[in-house]
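Student: So that we are looking at the same thing, I have put the structure below in C-alpha cells.
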Amino acid sequence: MRIREAAEVTQPPLASQKAPSGSRGAARNVGEEMNALQSAGMAELEGLEFGKSDFVLLDEVTMEQFMDNLKLRFEKGRIYTYIGEVVVSVNPYRQMDIYGKDAIDAYRGRELYENPPHLYAVSDAAYKAMKRRAKDTCIVISGESGAGKTEASKYIMQYIAAITNPSQREEVESVKNVLLKSNCVLEAFGNAKTNRNDNSSRFGKYMDINFNFNGDPTGGHINNYLLEKSRVVQQQEGERNFHSFYQLLRGGSEEILKSLHLENDPALYTYTREGAAAATSNNDRSNHKAVMSALEVIGFSKEEIRSIYQILAAILLLGNVEFGSDGESVQVLGQDTVDHISELTATDPECVTKGLLYRTVATGGGEVIEKGHTEKDACFGRDAFAKALYERLFGWIVSRINGIIEVKNYNPVLHGKNTVIGVLDIYGFEIFDNNSFEQFCINYCNEKLQQLFIELILQQEQQEYQREGITWQHIDYFNNQIIVDLVEQQHKGILSILDEACLTVGNVTDTVCLDSMDTKLAQHPHYTSRKLSPTDKTMDFQKHFRIRHYAGDVTYSVEGFLDKNKDLLFQDFKRLMYNSADPVLKEMWPDGQLSITEVTKRPLTAATLFKNSIVALVDKLACKEPYYVRCIKPNEMKSPVLFDDARCQHQVAYLGLLENVMVRRAGFAYRQQYPRFLQRYKMTCEYTWPNHLMATDREAVEAIITQHGFQGDVAYGHTKLFVRTPRTLFTLEQERATLIPILVLFLQKVWRGALARLRCRRMRAIYAIMGCYKRYKVKAHFWEVERRFAGVRTMPDYGKSVEWPAPPAALAQFHNITTMLHRRWWARQIVKNIPPSDMLEVRAKVAALSSLSGERKDWGIGRAWERDYLSNARDCPQTSSAFIRVSKELKSKDGYGQVVFSGFCRKVNRFNKSTDRALLVTDKYVYKLEPKKQYKVLKRLPLDSFTALSVTSGTDQMVALHTVSEDDVLLCLQQGELSPNQDRVGELVGALVDHFTRIRKGLLPVKVCCSVLQLHMRGKPKNVTVETKPGQTAADFKKSRDGFVLLVPDK
Ligand SMILES: Nc1ncnc2c1ncn2[C@@H]1O[C@H](COP(=O)(O)OP(=O)(O)O)[C@@H](O)[C@H]1O
Ligand SMILES: [Mg+2]
C-alpha cells in the first residue's frame, strides 16, 4: 500500500539473499501454505502455530478471523503482525526479549519479509528508503493512550542509533547521544501518570532526524504539541502531576531542596498532593538522577539546570499561596512563601505580591489603573501563572535541545542531500470519565491523523487503480472527514463557535457556548447533547455534548472550555517574569517586554493555535513517505495476559485495520511507470536488451514479464505496471543483480577497448610526428653542413677552422665519418702540396707525433730534420767527409739501402763506463762507431733485434733502445754545430717508428717515462733517472744504486 512509493526501489536488495527457511507448520497442506506465503511474499519464518504473521494471509478477511489471529499471536507472545508494510503492535505489558543486539543485527539491511514482523523491520525499511532513494520518510505511530506508542518510538530511535555511524565518528555519536538522551528529559517534564498509563505522554512529539548522504544522523528537530498544562494545577482522581515535580521532591538532595525552600514530601504541596500517594511503576528517585545526567550530557549548563529546578520549586510554592479577604481587600496569606517565590524567580517580593493581587488595566484614554482582584480572580490568576510558567519551561527545554541538535554548517553542495526520518509519537485517542478541552483537542488531532492515514493508504491507493484503469473492486471504508469538518469547519465548526464565544464581549459562559453549538450543529450526525437527545441520561443538561468520533463516542464536559481556550494570563505576570534577574527565566518571557498600553492585539486562542500546529504537522507528514505502526491496547488492567476482545475489536475497527487488509489484499505491492521499469529490468530479457524493437515500452515490459512467467501476478495500467507480490519483484531484482556484474564487465571491455584504440592512435601520431621531425633534423643537419663547408676548397685552411654543427643523435656515426672524411681530405690537400723530398721528414714527424702522443713536450717538430747528421758538413764540418767515406764502405759491404739516423752520442755500458760514440742507424743495421778512430765500427746490431724505445718526457736527450736479447742500448744524443740546443730524440723516434711501420710493416712501441726509465743490460734490470747538476758541462751517465743517473747541466 504504502509501497506505492517504496515501489520505486532503485537499489536491488542484494543484502537479502538469505534463503527463506520455509514453513515450519508441519501437518498442513504445505504446498497451499507456501503459495499463500509466496503470493504475499511476507515473513514466512515463523511457524503457523503462531498465527499468520501478515493479516493479508487470512483465509477470509472478516473481523472474526482478524481478531482470532490477533489474539492467538498475542497469547503466543507475538506482539507484532503486518498488514503489508503496516505494523500492528499489541502492548505486551511485560518486558520482551526481542530488542537486543541480536535482533538488531538480524533486521539490519534486510527486507521486510525476511524476518518475523518487528518494529525494527519498518525502521529499517524507512531508513533504507531514506538512504537508497534519498526520500524523506516518517514513521507514524498511532493508537490510544497506553497502547505503546512512546515505547515503540523509543525502540525505533534505538534501532536507528544502533545501525548508523558504523565508523563511530565522534560528532555523529554525540548527535545520537543527544537524540537518545532528550527522550529522558522530555518524558520527565512532559509525561505523567494517568489512569490509562503510568507514563502517559501529556504532549505530542514529532521528531525529525536529519541524515547526511552517508546515512549518518547529523542532527534533528523536535516539535512539541499542546502540553496538557492544566495538569500542573489539577489532576483527576488517582492521577499525578508531571513526573518532574515528584522526581525533584523525592530525588533532590536535602541540600538542594533546602536551597529551593522545599521539603521532600509531595503531599505538602497543593499541586502534587493528589498524586502523592499514587503507586506508580516509576522510580522518581533514580529517574531524577538520570534526568540530571541527561541534562548535562545534552549540554545544559549548571546555571540553566539550576534555573529549571528553581522554576519547578516556584510553581510548587505558588500552589501553596492562599488568599484571604477581610471583606474589603484581598490579602496574601503567608508572606514567607511569596518571599521564597520572589527569591526563586529573582524578582522583587513586592512585585510578586502585587502581581498576585492586582491587575493593571489600560483605560481607553491611555491611562493605566490598578484593579484589585477578587479572591476568586486571585486564585485563577495564580493557577494560570503556574500553568504558564510550566508550559514555557517545557517549551524552552525543547527549544534549547533543538538549538543543540540542529544541523549546523550544513551546505548541500558539500554534504549532499540532507534527508529526514520523522518519528511521530502523539497522544492517542482518549476517553476519560470526565473529558475536557484537552481531550477534545487530542481527539481532534487523532481525527486528523486518521484522515492522513485514509488519504495515503486507502484513498490514494484506490484512486490510482481507477486512474490507471485497473479492474478494481472498490472497498468501502469510513471516511472521518465529516468529523474533522465538525470540529474545524469555518464558521460552523466547534472551533469557530468556541473562538466566537471567546471574542464576544460580555458575560459569555460555557453554557451559552454550548447552546450556540446545539443550535448550529443540531443536524450533524456526529454531534449530540442532552438538549438534542433529551432521553439520553448519560449526559447532563447545560454541561455535556457528545461527539461520535471515528474511534468512539466521547462525552465532553463543556465546563472550563472557554477559559482554557482563551488561555488568559494577566499581563502583569509576563512583565514580572521578563524583568527577572534570572536570564533563563527572562528568555522564556519575551512578550513581557511590551508595556501595558502596547498590548492590544488579541492573541490567537489555544484551540486555534493547536489546530494550526496540527495542520502544519499533517502537511509535514504528507510530503514524506509514511510508515505506520498501529498500536493496540489489549486491556485496561495493564495485564500481560488479558486480551479484552471487545476493547481490541473496537480499536481494530476504528483504526480501519480490516479495510487496510482488504485494500492490501486486493492491491498491488509494487507499481512502476513502464519506461522506468523497462530501464531497470531490461537486461533480464533478450528482447529488451539492450534496446527493444517494439512499438511501446509497455509491450517491452510485457515481454519481460512473459519471459519470466509472471503474467498471473501483474496488471497493466495505462502508464504503470502493477505487481501484486513483492516476491516477483524480488526475483527480478535478484536476476538483475546477477546480471549487473556481467554488464559491468561488458562495459569495461568496451571502454577499455576504446581507451586502448585511442592510446594506439595517439602513439601512432606521436611516431609520425617524431619521424617527420627526425627527418627534418637530419636534413637540416645536411643543409647546415653543406652551407658551412660549401667553400672549403677555396679557403686557405681548407675548412679546418670551420666548426661542425652538432649532429642529431641519428647522425652521430655519420658525423664521425664525415668529420674524418673531411679531415682526410683536408690532410690530403696539405700533403699534396708537400714536395716529395720533404715527404720522408713529414712522415717521420707524423710517426713521432703519434708515438710520443703529446707526452714529450719538446721533440723538435719546428725544425728541419736532417737525419744523417754525421755526414752533414754544416753539423760536423771536421768529420763529415771521413764519415761519408766510412758509410759508403759500410753500405757496399753490408748492403743497406738508406741511413735512418746518425749522430754523436754519449753511451754507457754495463760496466758503468760512459764514452762518446757515433750512432748510425740504417735500414739494416745499427752501428756503434768510434769517432776518434776513423769511425771504426765497434758494434753492429741488426735492426730486427730492436723491439722498442724508451725516452723521457723531459728535455734530456736520453734514448734506450730495447733489444730482443734484453741487452739494451742506453745513450744520450749529442748536438752538433747546427744548433746547440736542438732536440734530436723526437727525430730518432720518428725516423725509426716511420721506418718500422712503413717499410717493415712492423711495430716499434715507444714508451715515454716521466721519472724512471727502465731497461735491461745483459738481462739485468736497470733504472735510469735524470738529475740536473750545477757545474755539469755536458750530459753524462753515472752509476747509481740500481742503474744510472744522467747528470744534465743546469741551464
Ligand atoms: N513493547 C513494549 N514492551 C514492554 N512494555 C511495553 C511495550 N509497549 C508498551 N509497554 C508498556 O505499556 C506502557 C504504556 O506505553 P506507552 O508507550 O507509554 O503508551 P502510549 O505512549 O501509547 O500512551 C509502558 O509504560 C510499558 O510499561
Ligand atoms: Mg506516550
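Every residue gets a Cβ built from N, Cα and C, even glycine.
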Student: Which residue range, 1-27, 28-54, 541-567, 973-999, is the one TrEMBL calls region 'Disordered'?
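Tutor: Going through 1-27, 28-54, 541-567, 973-999 one by one, TrEMBL gives region 'Disordered' for 1-27.
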Student: When you get a sec, could you say which of 292-314, 384-406, 614-636 is annotated region 'Actin-binding' by TrEMBL?
Tutor: 614-636
Student: For the region 'Actin-binding' (614-636), jot down how many residues DSSP puts in helix, in strand and in coil.
Tutor: 9 helix, 8 strand, 6 coil
Student: Average the pLDDT scores across the domain 'TH1' (854-1050) and report the rounded value.
Tutor: 91
Student: Which residues in the same chain, at least 6 apart in sequence, have a Cβ under 8 Å from the Cβ of Ala147 (ATP binding site)?
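Tutor: Listed in sequence order, they are Ser89, Asn91, Gly428, Cys631, Ile632, Lys633, Gln651.
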Student: Just how many other Cβ atoms lie inside 10 Å of the Cβ on Thr150 (ATP binding site)?
Tutor: 24
Student: Would you mind checking how many other C-beta atoms are within 10 angstroms of the C-beta on Glu144 (ATP binding site)?
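Tutor: Around Glu144 (ATP binding site), other Cβ atoms within 10 Å: 25.
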Student: Take the mean position of the Cβ atoms of Gly143, Glu144, Ser145, Gly146, Ala147, Gly148, Lys149, Thr150, the recorded ATP site. Which other residues of that chain put their Cβ within 8 Å of it?
Tutor: Asn91, Asn197, Gly428, Cys631, Lys633
Student: When you measure from each Cβ to the nearest atom of ligand 2, which of the binding-site residues Gly143, Ser145, Ala147, Lys149, Thr150 fall under 6 angstroms?
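Tutor: List returned for ligand 2: Lys149, Thr150.
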Student: Which of the three DSSP states, helix, strand or coil, fits Gly143 (ATP binding site)?
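Tutor: Assignment for Gly143 (ATP binding site) reads coil.
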Student: Using DSSP reduced to three states, classify Thr150 (ATP binding site) as helix, strand or coil.
Tutor: helix
Student: Within its own chain, what residues at least 6 apart in sequence put their Cβ under 8 Å from the Cβ of Gly148 (ATP binding site), listed in sequence order?
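Tutor: Within the chain, Gly148 (ATP binding site) has Cβ neighbours under 8 Å at Ser89, Val90, Asn91, Pro92, Cys631, Lys633.
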